[in-house]
Amino acid sequence: MLFKQQALLRQKLFVLGSLAIGSLLYLVARVGSLDRLQPLCPIDGRFGAHSQDEIPLRALQFKRGLLHEFRKGNATKEQIRLHNLVQQLPKAIIIGVRKGGTRALLEMLNLHPAVVKASQEIHFFDNDENYAKGIEWYRKKMPFSYPHQITIEKSPAYFITEEVPERIYKMNSSIKLLIIVREPTTRAISDYTQVLEGKERKNKTYYKFEKLAIDPNTCEVNTKYKAVRTSIYTKHLERWLKYFPIEQFHIVDGDRLITEPLPELQLVEKFLNLPPRISQYNLYFNATRGFYCLRFNIVFNKCLAGSKGRIHPEVDTSVITKLHKFFHPFNQKFYQITGRTFNWP
Ligand code: A3P
């Protein structure tokens, strides 16, 4: 009998203890999100006026989970009306560069309470079939957001595709354009590594980087190789400059975003006229991944997928030197045009 009573008491204590721990965790999580989400205005004037019944931005943060559902297209009409949600065309686009750190940049900017990301690469402006579907199709691909938030999408193919600058200009001639770059040779090897992985998965044979990057007939850099061409940043940028003034671009240092993301993100906040809201709290170094990961609050963290941060194959040093020499004059021109200098060889 006594034994039974003791067991019952233990059970009750266990339930009470679990409840107490659960409540404590909930409270800490709420405080975590509050800490991150100080009121955001003066943002209002910058991205359009608030309507009377609009949900304040702070409230949105407690709805991150809910918004996630909306993004997945699970929102009912009633929910959309109730929360005054809209699908907005992007006010800023990460146009490239492939393997520059475009995903990391988008995810990190999404830490900002006034930013909403389009999770998928939409490929509207670079894909003729998609483009033919029209701007409404594009808008409908955007996530739901509050009217005072800005939507950002990234499709790195935009940077190198001939028709894209004119098409984006036609949509919005004052749009803000973000380009994240890495040291061009490293970027080319990263590009190669991604393609190589795909080929390996399909059991296809593939050449070594050296063989693709160097023309065997001339022993010079093979400018027909796409991974090399994409890294000639200045050539692509010059095409964009026929449509947009340089002030509409912001160059992000992708190498620095890996080692020291916060200052790079703060520069982007400034460029987008956003109040500084991303802090060191939102970024923590994960030694296992070897990269910074994202902290939304005390309970919600995430690192980028394993496909980001691949191990590169070793490349012959003479090929690396050749590539460095090849890219050098293009890099100089890139610094000159953009006003941002990098320590590239
Ligand atoms: P590697 O795989 O060569 O290391 P993109 O998103 O444009 O495809 O760029 C991928 C690159 O983003 C990766 O290239 C990786 O180095 C870089 N990167 C930058 N910050 C990162 C982060 N926090 N986590 C993972 N990868 C990151």
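Backbone N, Cα and C atoms are what each Cβ position is placed from, and that goes for glycine too.
Note: TrEMBL annotation is automatic and uncurated.
Small disclaimer: the values here were computed from a predicted structure and weren't measured.
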Per TrEMBL, which one of Ser173, Ser174, Ser190 shares the 3'-phosphoadenylyl sulfate site with Lys99, Gly100, Gly101, Thr102, Arg103, Arg182, Tyr292, Lys308, Gly309, Arg310, Ile311, His312?
Ser190
According to TrEMBL, Cys303 takes part in a disulfide bond; indicate which of Cys219, Cys293 is its partner.
Cys293
CA pair Lys99 (active site, for sulfotransferase activity) / Ser190 (3'-phosphoadenylyl sulfate binding site), Å rounded to integer, equals 6
In whole Å, could you give the widest CA to CA gap in the 3'-phosphoadenylyl sulfate site formed by Lys99, Gly100, Gly101, Thr102, Arg103, Arg182, Ser190, Tyr292, Lys308, Gly309, Arg310, Ile311, His312?
19
Check the recorded positions Lys99, Arg103, Lys308, Arg310, His312 for other C-beta atoms within 10 angstroms of each C-beta and report the one with the most.
Lys99
For the domain 'Sulfotransferase' (90-334), what's the model's average pLDDT?
97
